[in-house]
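Reading through the C-alpha cells given below for one structure.
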Amino acid sequence: MIDLIARKRPPAGLRPALRASLSAAMQHFGGEEREVTVVLVGDPEIRALKLEHWGEDAATDVLSFPTWEPGDPFMPPHLGDIIISLDTAQRQAESRGHSLTREVALLASHGLTHLVGHDHPHAEGLGFEEGATGEDWQVFHDAWAAAQTGLPAGA
C-alpha cells in the first residue's frame, strides 16, 4: 500500500503515475504487501528536514526515513517514509529534459531502495541516473528499471 500525502499540489496525472511506478518497484523488491508513505513537499519543508536530521542546511530532492535497519529480525509492514521536494524535482526534470512525473517516480524508486536497506556511496553530486556505476549502485538502477515499467507511456 502506498500512502500519498501532498503538502504541495502535484500536477494532474502525477499521483496515479507515481503509485503505479512505485508499486512496480515494490514488487521488484518483493514488498508489494508492505506499506510506504510518500510525502510531496516544497524546498522549504525538505530543507528543514535535512537540517534537523542530517545537519545540512540545504534543500535536496529526496529523503528516506526507514522504520527498520538491515539485520533486524524481521521487516515491519510499514517500510518508512519517502519525502520528495517537487521544487527540486522540477528543476532536475527540466535540466534532464524529462517530465516532472518521471523525475518524481525516479526519486521515489531511489527512496524505496533506501527503505529496503540499501545504501550507496556519495558520488560528488553525480546521481545514479546520471551514470554513477558500481556494485553499490546497481540495486538503484534495477529499482528504477522496475519503476519505469509502471509509468504510463509518455511520462
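Using N, Cα and C of the backbone, Cβ positions are placed for all residues, glycine too.
As annotated by Swiss-Prot, Zn(2+) binding site applies to His110, His114, His120, with the evidence given as sequence analysis.
Other C-beta atoms found within 10 angstroms of the C-beta of His110 (Zn(2+) binding site) number 24, with every protein chain shown included. Using a 10 Å radius centred on the Cβ of His120 (Zn(2+) binding site) and all shown protein chains, the other Cβ atoms total 17.
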